[in-house]
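Annotated features in Swiss-Prot:
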type: BINDING; residues: GLY34, ASP35, ASN36, GLY37, ALA38, GLY39, LYS40, THR41; note: ATP binding site
Amino acid sequence: MPHKVSLSRLKLTDFRNYAAAALALDGRHAVLTGDNGAGKTNLMEAVSLLSPGRGLRRAAYGDITRVGAAGGFSIFAALDGMEGDVEIGTGIETGEETTARKLRINGTTAKTADELTDHLRLLWLTPAMDGLFTGASSDRRRFLDRLVLSLDPAHGRRASDFERAMRSRNKLLDEGRFDPSWLAGIEEQMASLGIAMALARQEMLGLLTRLIEETRETSPFPSASLQLSGFMDGQFSRPSVDLEDDYAAMLAESRYRDAGAGRTLEGPHRADLIVHHREKAMEAERCSTGEQKALLVGLVLAHARLVGNLTGHAPILLLDEIAAHLDEGRRAALFDLIDGLGGQAFMTGTDRAMFSALGDKAQFFTVADGRVFE
């Protein structure tokens with residue numbers, strides 16, 4: 001069983017609808033119940049900001065600060081982390097117009113948010129993700145990249161560096177500045193970063209596919225088959241240096257076409273995650289809404305197991321409205337599966353009775369009017 005990473009304290013100040021809130025946690029799962037709009041998902045969002053990025057809502061930091069607050073917002077958490085006990089504080093200060101937040105770990109200012117991954121890994125599933133299989137390919141790429149990040153924290157930096165290089169190339173092409181040596185330098189950088197991104201995605205899908213196959217007979221959820229499409233399909237068994245050379249050549253050959261289109265038409269930023277329901281031999285986008293939800297839950301929980309297996313530390317799960325639309329039997333099977341992962345899960349719902357199968361495996365909190373209490 002992997003080491004259980006768990007929060008013991010969570011304090012919020014001027015965060016969303018909370019002027020101040022504090023949770024004392026005992027390491028069990030945390031169930032947050034209350035009416036719609038009470039602020040349950042806001043608490044989950046606060047926990048999600050203990051990972052790199054903008055959290056489960058991907059909101060601008062200025063939008064997170066409580067309306068009417070004099071300053072910014074702050075989040076404090078104490079936890080038994082991957083390297084032992086740790087205290088994490090993050091937020092923005094009064095009047096800041098910023099795309100970055102301040103971050104302190106054990107009282108010391110962190111150089112980058114990537115340092116958070118030394119202490120915990122966070123995975124989440126929210127109702128906003130229910131349309132993942134039928135929505136835009138960019139949503140599926142973002143989903144896949146978060147899966148990769150949980151095992152390869154450098155993936156985020158590679159992706160942002162690739163985007164930066166691609167914007168530079170697009171700007172040169174848009175301005176008609178076809179300097180061969182300048183463009184070649186940028187395209188070589190894009191090729192190195194882009195192929196590294198694609199290979200990291202392929203590796204994640206391979207690991208996840210094997211684990212899904214191994215647990216297929218015991219999972220209460222349908223199994224997914226996964227593949228990437230839209231960028232150098234079927235070529236990733238070749239040496240990476242050859243792939244980089246080919247992609248750089250592809251970019252060089254497509255300069256005038258990309259200039260006309262106003263964007264780069266080939267690359268990992270155009271790839272798509274294709275998911276099939278294995279038992280039905282059907283594309284996920286053609287499955288019923290309920291089948292899509294079950295596929296997604298199974299996929300996220302399989303990934304959580306993979307993270308625990310490979311890192312030795314169970315991730316913290318944020319499962320928003322996870323029990324909605326499941327019958328009693330499937331809810332009980334879901335809770336058994338979550339508990340069997342060995343980590344701490346935060347779950348939300350409107351009805352406490354929906355979580356009765358958890359028994360004493362969970363702490364129960366009521367959320368109402370910007371307050372949280374047991």
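Keep in mind that glycine also has a Cβ here, set from the backbone N, Cα and C atoms.
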Taking the Cβ of GLY34 (ATP binding site) as reference, which residues of that chain separated by at least 6 in sequence fall under 8 Å from it? LYS40, THR350, THR366, VAL367, ALA368
Which one, from the binding-site residues GLY37, GLY39, has the smallest tally of other C-beta atoms lying within 10 Å of its C-beta? GLY37
Specify the count of other C-beta atoms within 10 Å of the C-beta of LYS40 (ATP binding site). 26
All-chain count of other Cβ atoms within 10 Å of ASN36 (ATP binding site): 8
Among all protein chains shown, how many Cβ atoms are found within 10 Å of the Cβ of THR41 (ATP binding site), not counting that one? 23
Going by C-beta under 8 A and a gap of 6 or more residues, the same-chain neighbours of ALA38 (ATP binding site) are VAL367, ALA368, ASP369
